[in-house]
Amino acid sequence: MNNAIILGIIWHLVGAASAACFYAPFKQVKKWSWETMWSIGGLVSWLILPWTVSYLLLPDFWQYYGSFSIATLLPVFLFGAMWGIGNINYGLTMRYLGMSMGIGIAIGITLIIGTLMTPILQGRFDVLLGTPGGRMTLLGVFVALIGVAIVSYAGLLKERAMGIQAEEFNLKKGLILAVMCGIFSAGMSFAMDAAKPMHEAASALGINSLYVALPSYVIIMGGGAIINLSYCFIRLATLKNLSVKADFSVAKPLLITNILFSALAGLMWYLQFFYAWGHAKIPQQYDYMSWMLHMSFYVLCGGIVGLLLKEWKCSTKKPVAVLCIGCLVIILAANIVGLGMAA
């Protein structure tokens, strides 16, 4: 195995670990509403960091964005908004299912929907049925379904074991949100495809191939930010049991700690761009490895962090054992789909 592939695997691990673990700092936020901490993290990950990075990368920030027509930018923005709906559902999935189970189910469903949606929308579903690679991909989808079912069963066992001690754990609500997450998260893939003219323009300015996609995040995540922040602000303004004033009236040391942990979560979320570095380091003939590595590391890291945070501190070990089996099945499914892409 050459150094490029080893480096690619390392960057994939960093990107997937950041994506899977970003919710961990939120777990340290105390006496704040979910909406307030999600908004603070979002301001960092969807607005501050994309704008800052793009400003540092581009020779002329305003000229670059001004060179595109509304017809080019609008689809990128709208698909970003679609992704934003998926992102809210992802965050709420973590809230109601926890990290280890939430990531397992959300990624499993995203794997299923993401694999099937593109060929269906492009009218090429027959390719999945009529080719060896397509049939292997469908096998991977079937295995992912089994994995999601196993992880869901682990959640049911956890629900029974923890009972009233699980304050926000809600299997039914979490499963519905995970399905919504899987459907709407496809917006990121569509947005990146629509943003290709922006990537080409960045490349023409001499920006390194590792970074050409980053300026498009200003538009993509701008769409997502409007959806996420609107959802949070409307709830904070209309629900009697939520209050920004109350959240920011906590003791000063706790206020600073909450802001820092929320901002750290936003930073870790943004560091998913290391995935692109890993993809760029993998030789073209092994492109399918990117999908396999990212999904596998994502589920693995999410499960490990969830266990370390003692989300599964039950009176019996059976739920944890079932969870581990389910996560391994989803990792297997990701690898089968990757092999199907390579066939």
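A Cβ is built for glycine as well, from the same backbone N, Cα and C atoms used for every other residue.
Taken verbatim from Swiss-Prot:
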- 4-24: transmembrane segment (TRANSMEM)
- 38-58: transmembrane segment (TRANSMEM)
- 68-88: transmembrane segment (TRANSMEM)
- 101-121: transmembrane segment (TRANSMEM)
- 137-157: transmembrane segment (TRANSMEM)
- 175-195: transmembrane segment (TRANSMEM)
- 207-227: transmembrane segment (TRANSMEM)
- 254-274: transmembrane segment (TRANSMEM)
- 289-309: transmembrane segment (TRANSMEM)
- 320-340: transmembrane segment (TRANSMEM)
*So, does the transmembrane segment (137-157) come close enough to the transmembrane segment (101-121) to give 3+ Cβ pairs below 8 Å, pairs being at least 6 apart in sequence?*
yes
*Paired segments the transmembrane segment (68-88) and the transmembrane segment (254-274) in contact, 3+ CB pairs under 8 A*: no
*asked:* Counting CB pairs under 8 Å, which listed stretch among 38-58, 137-157, 175-195, 254-274 touches the transmembrane segment (4-24) the most?
replied: 254-274
*asked:* With Cβ-Cβ distances below 8 Å as the criterion, list the same-chain residues six or more beyond the ends of the transmembrane segment (175-195) that contact it, or say none.
replied: 75-76, 79-87, 89-90, 92-93, 96-97, 102, 105-106, 109-110, 112-114, 117-118, 152, 213, 216, 219-220, 223
